[in-house]
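Accompanying notes for the structure given below.
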Amino acid sequence: MGVADLIKKFESISKEEGDATVDTNSSSKPLKSNDETKELHQQESTAVPQEVDVNEEFENEPETINSSRTAEKPLETNLPKPETNEEDEEEGSMSENKIYSKGENADINVNDFQEYKEMENTGAEVLASSVEESDAIQEGVAEETEGIATPKQKENEKNDESEEESANNASEPAEEYSQSEEDADIEQSNGKETENAENASQQANDGSTSTTTSKNKKKKNKKKNKKKRNGNVNTNANVDDSTKTGENDDTTGDTTSSTTSAIQEVNDLEVVDDSCLGIDQQHNREHLKALTQDVKEETLENIAHEGRGDNTGDQNAVEKSDFEKSDTEGSRIGRDLPFEFGKRNLTEESDVWDHNAWDNVEWGEEQVQQAEEKIKEQFKHPVPEFDKKLYNENPARYWDIFYKNNKENFFKDRKWLQIEFPILYASTRKDAEPVTIFEIGCGAGNTFFPILKDNENENLRIIAADFAPRAVELVKNSEQFNPKYGHATVWDLANPDGNLPDGVEPHSVDIAVMIFVFSALAPNQWDQAMDNLHKILKPGGKIIFRDYGAYDLTQVRFKKNRILEENFYVRGDGTRVYFFSEEKLREIFTKKYFLENKIGTDRRLLVNRKRQLKMYRCWVQAVFDVPQ
């Protein structure tokens with residue numbers, strides 16, 4: 001039996017039974033008793049399946065049915081929409097309204113209601129069959145749409161996985177409803193499912209095509225942007241390299257990069273001139289060439305000032321001049337008295353921004369007063385006693401961790417040693433006598449390897465020692481290490497047992513090199529260090545010393561909880577540092593064993609011309625003799 005036939009049957013039954021229905025307003029019959037109402041509800045619950053929405057209304061309502069309630073839920077919302085013409089639909093809707101009521105308030109007879117329920121059960125079966133038909137139709141639509149979208153998906157699968165997902169999403173049918181939602185919406189969905197299927201398949205094809213085109217455009221744009229970014233990264237990398245070079249080398253790096261950039265500007269200008277027909281830019285070329293020459297001259301001044309060749313910039317851009325060679329080979333090396341830390345002296349305050357470093361800068365009272373005030377503030381927040389004990393118990397451990405993290409890359413090779421200490425230069429000459437050099441606190445070999453590299457003395461023996469085992473390993477494992485002349489061992493200068501380093505006999509060392517090592521010892525270790533140092537030095541030997549000076553920029557910059565005691569600090573990595581004055585250094589070394597040869601303070605003003613900053617650095621340098 002079809003749905004249309006069922007509706008017609010409902011209409012005929014309603015006409016036949018219309019006279020039997022009594023209007024409560026006109027006849028004023030009393031309502032059914034409670035027992036009859038209960039029996040009616042029991043019959044309803046047993047006879048009507050719960051899947052049909054109409055049953056729920058009759059189970060929860062009394063016999064008297066309000067026409068307004070029935071109007072809110074007409075039967076046509078619960079029945080599937082048949083594929084019939086418009087006239088059948090209108091007739092069906094009219095008959096359904098008649099089933100519910102014949103007037104404003106209809107009193108339904110129990111027998112009539114049971115007959116109606118039996119017919120409606122038949123309608124529920126039809127509804128179930130129509131639901132199954134709609135599910136089958138939906139599955140067929142899904143298969144059709146999937147079949148349409150599959151070729152596009154295969155094309156787009158090679159390009160991008162996201163396209164495949166979008167095509168699949170476009171071709172898939174709508175999500176399944178729950179049973180109650182399906183019963184409520186089945187009529188509307190059946191009427192439009194064919195149209196939706198066609199639209200879905202069309203959208204799948206259009207979506208896959210549009211996504212393919214948009215994805216291809218995006219990929220092309222990404223490639224273009226990536227090329228641009230790579231070009232910018234390369235440019236920035238070159239700038240960063242020149243910047244880092246300038247930071248690591250106070251004088252040479254900045255001017256060398258400036259020279260390179262100035263030369264590049266000249267080259268760029270020449271390229272532009274070729275395209276500027278008839279335009280004379282000779283004046284600009286001459287100006288840039290003059291600027292380049294000035295930068296070259298400044299670079300050569302910096303090289304002479306530092307006393308070393310430039311190995312950080314463009315070697316083709318800056319070549320050594322006769323002035324540089326004569327300065328380093330003639331006037332400076334071999335000169336022992338007095339110390340000469342540099343030649344660039346600041347005579348006029350207005351010239352301070354002309355260079356990035358000035359030598360022999362005397363501190364005024366204002367600078368000293370500012371440094372003392374900052375140090376007083378540091379004393380208000382010293383290192384706690386518990387932490388102080390940890391830092392002082394095993395200082396070698398913190399230096400070992402330091403070299404584990406930084407390896408040999410932290411400090412630069414000290415190529416200025418043979419200029420500031422000509423005795424080292426004399427010891428490495430080919431015609432020099434047999435000599436033993438002992439570097440204490442060798443670290444990663446930044447002093448050891450420059451001496452070994454320049455050595456021409458077949459009778460030279462150089463020993464490197466450090467109390468950090470990892471530092472000694474770095475020296476031994478370096479490609480520059482030459483066991484023919486060099487030896488490396490672990491040794492603590494302030495060891496309380498007075499043990500000598502491995503491979504060193506008592507009073508066998510001619511020159512002891514102490515470059516930035518003595519500052520790592522605590523003041524209560526100085527006396528023991530002097531005893532051990534005296535044991536290894538020959539009579540007539542020398543001690544070469546350089547370390548941090550009092551009021552140095554690094555001392556003034558220390559923050560809270562860093563000061564251990566006067567002029568003695570702990571860094572953030574746990575390593576300790578002391579800042580010496582000439583008076584304190586003289587007191588330590590000449591107290592018992594050694595004689596003062598010379599002591600000097602290297603004061604230098606570093607200038608950040610871009611940020612207009614002045615930074616005062618201070619180092620103490622000395623040579624001590626061992627009595628005969």
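Just so it is clear, glycine is given a Cβ too, placed from its N, Cα and C backbone atoms.
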According to Swiss-Prot, TRP399, TYR403, ASP466, ASP492, LEU493, ILE515 bind S-adenosyl-L-methionine; so which of GLY441, GLY445, GLY503, GLY540 is the extra one listed there?
GLY441
Can you check which of SER12, SER261, SER321 Swiss-Prot annotates as phosphoserine?
SER321
Position flagged as phosphothreonine [Swiss-Prot], chosen from THR235, THR347, THR601:
THR347
Consult Swiss-Prot and report the residue, out of SER28, SER93, SER208, SER257, annotated as phosphoserine.
SER93
Look through SER33, SER326, SER331 and state which residue has the annotation phosphoserine in Swiss-Prot.
SER326
For the binding-site residues ASP466, ASP492, which Cβ has the most other Cβ atoms within 10 Å, all shown protein chains included?
ASP466
Helix, strand or coil at ILE515 (S-adenosyl-L-methionine binding site) [DSSP, three-state]:
strand
For TRP399 (S-adenosyl-L-methionine binding site), just count the other CB atoms lying within 10 A of its CB, please.
23
